[in-house]
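For reference, TrEMBL has these:
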DOMAIN    B:11-426  domain 'PTS EIIC type-3'
TRANSMEM  B:34-58  transmembrane segment
TRANSMEM  B:78-102  transmembrane segment
TRANSMEM  B:114-131  transmembrane segment
TRANSMEM  B:143-164  transmembrane segment
TRANSMEM  B:191-216  transmembrane segment
TRANSMEM  B:236-255  transmembrane segment
TRANSMEM  B:301-321  transmembrane segment
TRANSMEM  B:341-359  transmembrane segment
TRANSMEM  B:366-386  transmembrane segment
TRANSMEM  B:406-430  transmembrane segment
Amino acid sequence: MNQHKIRIMAGQIKFLHDFFNMYEDAQIKVNVEQLNKVDMYIVVETALTEDETVRYVKEIFKKTPHGAALSYAIQLA
Amino acid sequence: MAFMSSFEKGMEKVLVPIATKLNSQRHIVAIRDAFILSFPITMAGSLVLLLNFAILAPDGFIAKILFLHKLFPSLAEYQSVFIPVINGSTNILSMFIVFLVARNIAIELKADDLLSGITALSTFFIIYPPYQNVDGASLLTAQWLGAQGLFVALIVGLLVGEIFSRLSKSEKLQIKMPASVPPAVARTFKVLFPIIIITILFAIANAIINAVYPAGLHQLIYTVLQTPLKQLGTSSVWSIIILAFVSNLLWIFGIHGPNTIAAIREAMFTEANLENLNYVAANGSAWGAPYEISWAINDAFANYGGSGMTLGLLIAVFIVSRRKDYRDIGKLSLAPGLFNINEPIIFGLPVVLNPILIIPFVLAPIVNILIGWSAIHFGLIPPIAYSVPWTTPGPLIAFLGTGGNWLALVIGFVCLAVSTLIYLPFVMAANKAADVVQK
């Protein structure tokens, strides 16, 4: 299993934090490492590669009701 | 700071739910995504036309620079080769839209999206003005296939998408074929009754409307809905200013402004943009294009670097910022900023939720919209008639959007300079605030 550290940046970071905090599915398990005013760092346990993980994290949030409404950036930390 | 904090909380409680609702409401999303999906076709048509006139017309800006008409005197004759491109793009946009809206609704409702789209296209022509016999030939008017038929396309797409998706889920209306029947055949029979019902419904509705209003449904919708909304958008520069203000304000609070206003923006400005493009296709010049006010003004003069005219912010950072972190973020943000992608600086400085930078972020685009509109209104430059990709670097959008007008390029640089001047004192203030926080 890989562990990737990812930085998520957003003005409305609370909504992304609410979604990703303790998030777990068949592909990834997320732990929020640090939450700041406009960004947060998460550690993702997964079998995916780094790039695949970033893409996957973006995709699952995009599918939520807030996914198209908020502006955010997700990248490897 | 306490005010800003409570303001942020208010925005979070009020605006985020509204934006979320707008961005997940299926009809709004279906319309927004239909325009996004049809965008490459209209953009391709616009770019081919732009290149056509820029290279092949004797007064085209590329032809002039390269002296093409001295080298190839018969070059202008070949312009007619590319003119029909408009017939395959903007002139049939309503057909794309009706299909895509119904398809998008069906995807959302988990119905057969392809057949939903085809049914909507079929329905669009059921209510279309009938064939006319002219000199023994049956002719169908092209008037409502392009920009003027957009609202009917939207309404039909939404209605058919909804009705089709709901009816096709009813077990009683499904014709179930034996397992030995090929899947494609079984799929079509499954939705046959819903399609028949929709076809009959719209044929009857069309007959009733034609009896009451002989000019037809397209003319009715165009007069009652599309024209007033278009006029709301194109009759005053304030429509662009208000939309830009809302979009940029949302952006600075972490809400995707352009997405949130997309449906209303497209409804208000798409016809004007397409009519301008049709004008240049017919006349070979943006001078005299019918709509001086369109959303294209925002992209051409007020979106350099991305929302909030952040290319001006980047330049201001390089000019006055003494802080290493600001300059480092500026360097990282410059390359994407040239192509109007501003996430690095938006989240890097950060600009989002920054009480100091909120003012220039909202103000600079408004000032630039006024500059660009004034230049068009007072006849210094033609209207922005060509569609140009939003990732085109800054002032080049104004230059290409006007068909290669050099003064438009100069005005674009003036807008960039003005936005830099607007940002300068705020960057200095943000620097001082950051120094205080650091101490």
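Any Cβ shown, glycine's included, is placed from N, Cα and C.
Because the structure is a prediction, the values reported are computed rather than measured.
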Tertiary contacts of the transmembrane segment (B:366-386) (same chain, 6+ residues out, Cβ under 8 Å): 46-47, 49-50, 237, 240-241, 244-245, 276-277, 279-280, 285-289, 291-294, 296-302, 309, 398, 400-403, 405, 407-408, 411, 414-415, 418-419, 422
Leading stretch by Cβ pairs under 8 Å, where the reference is the transmembrane segment (B:406-430) and the options are B:34-58, B:143-164, B:191-216, B:301-321, B:341-359: B:301-321
Contact call for the transmembrane segment (B:341-359) against the transmembrane segment (B:34-58), three or more Cβ pairs under 8 Å: no
Recorded stretch that, among B:34-58, B:114-131, B:301-321, has the most CB pairs under 8 Å to the transmembrane segment (B:191-216): B:114-131
Considering the transmembrane segment (B:301-321), which listed stretch of B:34-58, B:114-131, B:236-255 counts the most C-beta pairs under 8 Å: B:236-255
